[in-house]
Amino acid sequence: MSTIVLTPPPFLLQGTQKLNVVRIEFSDRGLPVSEVENFLISVKMEKEEKKIVNTGEEDEMEIYGYNLCHWKLVLVAIGVFCTGGFLLLLLYWMPEWRVRATCKRTTLKDCEVVLLRTTDEFRIWFCAKIRIVLSWGDSPLQNPQSIEDKVSNGHSGHSCESPAEENRNNPNKYSPIRYFTHHSVKYFWNDAVQSFAIIKGLDESTSCSSIHNEHSKGLTKEVHDDRKVFYGVNEIAVKVPSILKLLIKEVLNPFYIFQLFSVILWLTDEYYYYALAIVIMSVISIVSSLYTIRKQYIMLHDMVAAHSIVRVSVSRANQEVEEILSTDLVPGDIMVIPSNGTIMPCDAVLVSGTCIVNESMLTGESVPVTKTNLPNPAEDPKAVGDEIYSPEVHKRHTLFCGTNVIQTRFYTGERVKAIVVRTGFSTSKGQLVRSILYPKPTDFKLYRDAYMFLLFLVVVAGVGFLYTVVNSILNEVPAHIIIIESLDIITITVPPALPAAMTAGIVYAQRRLKKIGIFCISPQRINVCGQLNLVCFDKTGTLTEDGLDLWGIQRVENARFLFPEERACNESLVTSQFVACMATCHSLTKIEGVLSGDPLDLKMFEAIGWILEEATEEETALHNRIMPTVVRPPKQLFPESKPATNQEMELFELSASYEIGIVRQFPFSSALQRMCVVARVLGEKRMDAFMKGAPEVIASLCKQETVPVDFETILEDYTKQGFRVIALAHRKLESKLSWHKVQNINRDAIESNMDFMGLIIMQNKLKQETPAVLEDLHKANIRTVMVTGDNMLTAISVARDCGMILPQDKVIIAEALPPKDGQVARINWHYADTLTKCTNSSPAINSQDIPIKLVHESLEDLQLTKYHFAMNGKSFAVILEHFQDLVPKLVLHGTVFARMAPDQKTQLVEALQNVDYYVGMCGDGANDCGALKKAHGGISLSELEASVASAFTSRTPSISCVPNLIREGRAALITSFCVFKFMALYSIIQYFSVTLLYSILSNLGDFQFLFIDLAIILVVVFTMSLNPAWKELVAQRPPSGLISGQLLCSVLSQIFTCLGFQTIGFIWVKQQPWYEPWTTQADACNLSAATNTSSSQPENETLHDEHNIKNYENTTVFFISSFQYLIVAIVFSKGKPFRQPCYKNVLFVISVIVIYIFTLFIMLCPVESIDRVLELVCVPYQWRITILIIIIINAIVSVLVENILLDMILWKVVFSRDKQGEYRLTIPQPPQEPLDRWRGCFLSSLFGCRKKIPKAKYMHLAQELLVDPEWPPKPRTTTEAKDPTQENGSYPIITVT
């Protein structure tokens, strides 16, 4: 026997999943591998093609296999010992280094550790350890009979509690299965593809017929236990880490490690007070961070765990019903849904009965949805092929995890059953929670530039380090002091308080957003929102009111439209087929006596004033079948109804006179764009079919002789006015169709040869604030786009009404058709305003219909282009597939995207981001989750659980939150820039102060550091971040990164100014007649007194200043640098156009004034006790005045350089900053004077600014399209897709005349 023990060292698993040691024993059957074979394997590994897991999905990763290497472990252990543990920290931070330093490459089939790397732009590394489980087979969904056969040989089925013991009894009974866990998902070894893969449930590659035939019988206990080995516990486990674990993880952050290093260094150098202050700050920061992180974990845990564990009834293979915990469910279990409802603990497909479900957790709409059982293709003779089951495609038959089953309906004697298809983190709710637990990092230029700037500071620190070492050696300073002082210069250059300072502005912005009802779950996104230059809006419930109002009806008689009628609730129409369709064709239900359902259905039903009654459970049981829902008109609508003495008898007679029972319902399908019901009027033998839906779809299913000839014209008139139009149709069914046959008939057999009955016109009003908000966004040059599931012409009308499309602008409709009958895909271009003008008598293209395209030097004028593209979801899908090159051009001017499916909304956001737009998405949560997550700034107007998909949630369902969020984002972004610039200057000023003092073997004192860092820097940083946002949006956008001409010039100019004046003070003090190297006997304030008392001073006084802190240079540099911090703080605290002026920041003003007064006081009126604490020396009053003059001149120069030279002259002469946030050289049109031309050329050469292609792709594309004669497409033309044989061919344009 041989024992395989997979036990990597503890540090190898730091920062990864908690992985247990697994010990497995096998019988020896083979020979050991020779050295030659080992060599061949290693050579093969070098050439092995890299494997990919989750191919084509959002979490696609490369995977590499490794085995532990003992000699590498020994070397790492030695390195850890020699570096005092620093190597251990480095390997903890870098998973890739950790694995490669301790393991050797091997095949995935034989590996003990896997190394994973994401394939996105972030290329993040993860590592995980291989674990082994023992199972009956290598697949959880193998034929259950084969498992039962293995168990039937005298072995009772049970879980593998002790695999080793089981193997001793029967070594062939179990198969070892290798897997690893990453981000709460298990990846099992798949021999077929020679890689690891996620084990799917019944949601993939399972046909609808097999669900009914193979999986509807239930699982035996043995099969259930075997599947549980693979799928694990059915639980979305959000474990709240212990405080100790969080503390260790937080303390091991590189920032805190650097602070620990700094504190140790300062203690060695006897800077006790400053080190203590930093320790206190760090402790406060750590405690605050731990509290916030743990609070978020607890909130998420409570949200998920509210209904995660319930008791459920499961039907087993022997038809027995067993009650188990929901955590024991596995795919294939048959769950019995209780009649009083439940919270679904998994994703399951309904195979019998009907459920009414509240899916607000997923869709954001708290509207009950009717779920019907999955159709069985075997029972339908007209079914075309066997369809593969998909939870998304068959969502009308799928109960999703976390949704609330309100009530069920079923046949007597039959239970409502659902087959479990997904469990745990594989469910829809689990995937949502995973996206919160493991979010993608925010890719923002500011953070990338911040790291670059920190690297620059490290380089500067390295220069200072070398200078200090060389200078100290030349001055024969002891070695231990050289080490301390040279390392000290590094801690000065890279300020420990930088991360906290950078976060302050975001925290303040988050608080201000909370005050106006906008909640944020991703604070880093606030800065990103400051860069938004395009916002996508959902229409219904976002731009328009949530509900619909019935505007009127327009019936059809004898294939002709009658005049529109305002009310459908009148005596003449009460028994008409039109009203009967309105009364029956809906998905309404009563929940606790209240009518609930789709808002459109509710408005339609309320408009006719009918009454809906549902059968009780007792009535259903009595009639041995599902009793139909009955609708009837109120008694006052019957003209023959007269008052009677016996009101109860009258009510009975009236209700018996006219009632309609809904026999079968075919729910609304967004793919089919219609719904249908089969109903029967009480007393009649033949049943009726009623259908309602999108007018174009309904008309296509009706007999053409019943559809009015002016149908398209009437429909277009309504949609252009922004109405939502629903068409109705009716058909008398054959008398041979019995109740039983109707229950099994295919809907296609019903939905054909219908009679067109007319239109219902619904009005969806704009919200009051919508036009004003969109106007503010347009003034700020922020593009607005509408993404809706509604009709395209209705969407275009709403876009014009709200100002998204101006009255004079042209709208080009792109109608894309997929390849068909040997023809390639094509796009037909129509102009929305000229559709009705296209007649045979006027085929020529009107020149007035072609949009104006103005060519300007300035990209600011791009907004003047007078055309917009509009398309529906089908066209968008065709364009994405067959016209990839046109996608950027279309999204550049695409304004209306109608009939868009949820995944298409996400694709649109992605397409906009691909051309470098910063995209915001505002929706009410319904079907917008994917787009809200994908956008740079997602704003949900719903407070339901679906809002966790978006970074921001508005308490008030109004788009007025969008400009507020962008204003606060811009303010936070500018605050981050200001703070970063200030902290950079603080580092450089202090670095230069210390470097100057090092040249005379001096330094700043402990309390001097303390005064500068605590009293000045911290107070200023945390108050200068308090500036609120500017009151309105402006066209100018803030820069997106630190590495830009404006910011670099600002920082460098202030650095040179401050260094210059410090150097002047440092050198000038040595030129003073009273100057001499300072000693304890020296007193420059009273030279005669110092001479007379010098002999009486005890000689051991010199021991009090062994670090040579007290000297004239130190005092001079300290005062000048203290004021310089305040000067740059004021200079960098800019207000308009993104923040309120700094004088409105009361705390900042008070803080600066108090510090100014105190510093002036101790400089001009020295107090002995303060001087003793700060280790200052007395200097003549005249020199104090000189220092003050230096400071005043420094302040004037700094203000002039920043506000006059940079803001008012340099940028207007050299740089012209357009409204899209890019810089370029402006070429003036009028003739220039020689001096002006020379000045422009000189400045342009100096800063390397030439007119160049903009960095943003959309701006570059806009420049190209301005001079493209073939764009935009002309009216009534067609663009055909490229021939597959022509790779680089252009799109042929066919003009239709």
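Glycine is no exception: its Cβ is also placed from the backbone N, Cα and C atoms.
Caution: TrEMBL annotation is automatic and unverified by curators.
Feature region 'Disordered', per TrEMBL, maps to range 147-169 of the set 147-169, 538-560. Remark: the transmembrane segment (450-469) makes no contact with the transmembrane segment (1007-1026), by the rule of 3 or more CB pairs under 8 A.
The stretch in 251-267, 273-293, 489-509, 1115-1133, 1145-1164 that contributes the largest number of Cβ pairs under 8 Å to the transmembrane segment (977-1001) is 489-509.
Note on the domain 'P5B-type ATPase N-terminal' (57-190): its mean pLDDT in the predicted model is 76. Within the chain carrying the transmembrane segment (1145-1164), a Cβ under 8 angstroms from the stretch's Cβ atoms is held by residues 1015-1016, 1019-1020, 1023-1024, 1026-1027, 1119, 1122-1123, 1126, 1129-1130, 1133, 1170-1171, 1174, 1176, 1181, 1184, 1187-1188, all 6 or more beyond its ends. Long-range Cβ contacts of the transmembrane segment (1007-1026) within its own chain (Cβ-Cβ under 8 Å, at least 6 residues beyond either end) map to 271, 273-274, 277, 281, 495, 497, 501, 504-505, 508, 975, 978-979, 982-983, 986, 990, 1109, 1114, 1118, 1121-1122, 1125-1126, 1129, 1132-1133, 1142, 1145, 1147-1148, 1151-1152, 1155, 1173-1175. The transmembrane segment (489-509) makes no contact with the transmembrane segment (73-94): fewer than 3 of their CB pairs lie within 8 A, with pairs spaced 6 or more apart in sequence.
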